[in-house]
Amino acid sequence: MMENDMESGTLGLGAYQDKPRVFPNMRTKPYTPLIFRILLSINVRVLFVILLLGLGAIFYVGASTSPIIVFVISVCILSFLVAIYLTKWVLAKDEGPPEMVQIADAIRDGAEGFFKTQYGSISKMAMLLAVVILCIYLFRSTTPQQESSGLGRSTSAYITVAAFLLGALCSGIAGYVGMWVSVRANVRVSSAARRSAREALQVATRAGGLSAIIVVGMAVIGIAVLYATFYVWLGVDTPGSMKVTDLPLLLVGYGFGASFVALFAQLGGGIYTKAADVGADLVGKVEQGIPEDDPRNPAVIADLVGDNVGDCAARGADLFESIAAEIISAMILGGSMAQRCKIAGKYLNPSGFILFPLVVHSFDLVVSSVGIFSIRGTRETGVMAPMEDPMTILQKGYSYTIVLAVLAFGLSTRWLLYTDQAPSAWFNFALCGLIGIITAYIFVWIAKYYTDYKHEPVRILALSSSTGHGTNIIAGVSLGLESTALPVLVISVSIISAFWLGRTSGLVDESGTPTGGLFGTAVATMGMLSTAAYILTMDMFGPIADNAGGIVEMSQQPESVREITDVLDAVGNTTKATTKGFAIGSAALASFLLFSAYMDEVSAFAHEPFKQVDIAIPEVFVGGLLGSMLIFVFSAWACSAVGRTAQEVVNEVRRQFIERPGIMDYKEKPDYGRCVAIVASASLREMIKPGALAIISPIVVGFVFRILGYYTGQPLLGAKVVAALLMFATVSGILMALFLNTAGGAWDNAKKYIETGALGGKGSEAHKAAVTGDTVGDPFKDTAGPSIHVLIKMLATITLVMAPIFL
């Protein structure tokens, strides 16, 4: 049972002067995943020897594959050392007074407890799906390439399942790292805010940076080691074995495993965080008129726990999955293009085209680290120093990262994509990368324009709150709908430009047909993701700053400290919105690439060309309709899950205020644990239905139309209908996610803008209307929207893995 310590003291907020303060003491035994418990139980010297042997084995396998793999692994290991330095730097910061530490401990316990239960459920589902994949692969037909290389059904089945489970494990670890960092950094940011705004910003950024470096580094080293292991084990490129250009297709299981875990992590975490947030806001702010994160609100701990499990753990898994999917799709396209162009020989090695994405992300780790370290603290401590705009400081770091990314990208293309067949091709591909980098920058700017309260759209939305709740909702919905236009135009221009630059690169197949178009688009995707670690840093910054603000409010620090965390929180909302814009842009490009890979795989299995999908065929058109419907139903179920869980929280918080009237006067303690238990159990229950819909739909549709095609004499019907489902779901999903993310972010920052004192400030009628808008936007921007990013890529990877059952 929960206990609490009663402390008394003067408070920073005038209205609360001279009242005792209530703090939860929920400390239980901290949770550490089994894999870390095993490592910690081993003697340090033994562990060191095992680590050295492991690294030696990895470098041996890498050296046996390609010098490029050795370079990639080396950069990843160096980046992990940078992450260790950042961990030590962040953990060396003080945690502040005891009341702050107690609140942080309660948040940490809640987050770790939920993580343990949630990932326990996800791992059971992953094992079940692994058995299903194994059965499908053991009874499917093999491709001509597999037959010629002697890769039997059973080998192919075990490779795919092993890759799937490894991808799922790494995605889970990425999520755990995101949460581990955030629950330790939040209280240190709160403490730093008592000294200066710049120091608080630096601590939050470095904490986000260490998480980002580990997530990106793990995605890259995981694929590099898997690729090298398969290369050596299968004896690739030796007579009578598999060609190196076919090897990337074996990695698809890794991407599917990562997507699978990320989808459930995002759904479960998103439902948890937003149900608690909506419940806390509706009763606390609107009905009781108490500030956000007030210690008297029974749902406040659940809300703060939600920031960590929803925004940090889930986003870590999400970006891990994004990077894994993009790297694998680009490797598949690089391999197929190298095969068509007959790029082979000592100086024309196809490995350059295949391993190019890994090198780009290795440089991403380097340039993003420079951007993270460019954000420094200032010498003067003391909150009276004039406060700089944190967004400007973060943007400056992003600018450094982008300039270095352009230089690194040019170097990578000259090193890996130069061929004597087309001497200027590398320059065309470097321009494709530049298009991707510019696209990423524009995406970040568009999201900032629509969600930052310094710009007109959010101010107009805030103004609409002054005439009531209804006008606020109308304005928010229309803003979200309008915000889809610019990103779609930008992504359209970038896809076509990159395709034509690739097509005119001079690379042609045996018949003289230009073949570089799709690879050009793949390179643009890599360009867009060449600053992914810095973008993820800005994303992780948001929930850490939000939590820090909650700890400051609950421990009732002086108003000046809360002002600093409020500014950081508002900037964090904008950075989260910009990251979501960036994520959906990269998801659009990645899905386009995975779609092409799917068509290539179908033609390999069917032994006949599969180049286009004709939506004039009724069954194919129906497949498209089902794909669009899937996005809408999935979004509906995700939002209604938040609504149902929030209703339980609202009822519980109201019950506590009625049954314990002393809560408002600090005479009785709220039962924080009850709200934590409600949202934890409800979110685990509610995440199953939309997640199952996403996984089962494409498999059922493909299988049903395969049977229909068999009886109507259309052997490829199942594959065509699934292709249409994938295409329409991607298009609908991009638009839906843009709408949900931007509308939600704008509603949140319109509320924050009013809380700065505009339009009557906190407690005014405009503020109450803005809170309503914010609660509507919560499931939009933090549950349904981010889950759609994962859904789009998971549909693409699941169709690649399950392609054999559609034929």
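Including glycine, each Cβ sits where the backbone N, Cα and C put it.
So that you can see what the record holds, here are the features copied from TrEMBL:
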type: TRANSMEM; residues: 34-62; note: transmembrane segment
type: TRANSMEM; residues: 68-86; note: transmembrane segment
type: TRANSMEM; residues: 122-139; note: transmembrane segment
type: TRANSMEM; residues: 159-183; note: transmembrane segment
type: TRANSMEM; residues: 247-265; note: transmembrane segment
type: TRANSMEM; residues: 397-418; note: transmembrane segment
type: TRANSMEM; residues: 484-502; note: transmembrane segment
type: TRANSMEM; residues: 514-536; note: transmembrane segment
type: TRANSMEM; residues: 581-599; note: transmembrane segment
type: TRANSMEM; residues: 620-643; note: transmembrane segment
type: TRANSMEM; residues: 691-709; note: transmembrane segment
type: TRANSMEM; residues: 721-740; note: transmembrane segment
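Taking Cβ pairs closer than 8 Å, the transmembrane segment (620-643) reaches residues 267, 270-271, 274-275, 278, 613-614, 683, 686-687, 689-690, 693-694, 697, 701, 705, 720-733, 736, 740, 778-780, 783-784, 787-788, 791, 795 in its own chain, all 6 or more past its ends. Across 68-86, 122-139, 581-599, 721-740, the stretch most heavily in contact with the transmembrane segment (247-265), judged by Cβ pairs under 8 Å, is 122-139. Sequence-distant contacts of the transmembrane segment (122-139) (same chain, at least 6 residues past either end, Cβ-Cβ under 8 Å): 153-154, 156-158, 160-161, 164-165, 168, 172, 253, 257, 260-261, 264-265, 268, 695, 801-802, 804-805. With respect to Cβ pairs under 8 Å, the transmembrane segment (397-418) is most closely packed against 514-536, considering the stretches 68-86, 484-502, 514-536. Counting same-chain residues at least six beyond the ends of the transmembrane segment (581-599), those with a Cβ under 8 angstroms from any Cβ of the stretch are 249, 252, 318-319, 322, 325-326, 329-330, 332-333, 336, 436, 439-440, 443-444, 446-447, 487, 490-491, 494-495, 518, 521-522, 524-525, 528-529, 532, 535, 610-611, 723, 726-727, 730, 733-734, 737-738, 741-742, 786, 788-789, 792-793, 795-797, 799-800, 803. Sequence-distant neighbours of the transmembrane segment (68-86) (same chain, 6+ residues past either end, Cβ-Cβ under 8 Å): 55, 58-59, 62, 206-207, 209-210, 213-214, 216-217, 220-221, 224-225, 227-228, 351-352, 355, 358-359, 362-363, 365-366, 369, 372, 416. The transmembrane segment (691-709) makes no contact with the transmembrane segment (484-502): fewer than 3 of their CB pairs lie within 8 A, with pairs spaced 6 or more apart in sequence. Long-range Cβ contacts of the transmembrane segment (159-183) within its own chain (Cβ-Cβ under 8 Å, at least 6 residues beyond either end) map to 33, 35, 87, 90, 104, 107-108, 111-112, 115, 119, 122-123, 126-127, 129-130, 133-134, 137, 207-208, 210-211, 214-215, 218-219, 222, 226, 230, 250-262, 265, 307-309, 311-317, 319-321, 324, 540, 543-544, 547, 801.
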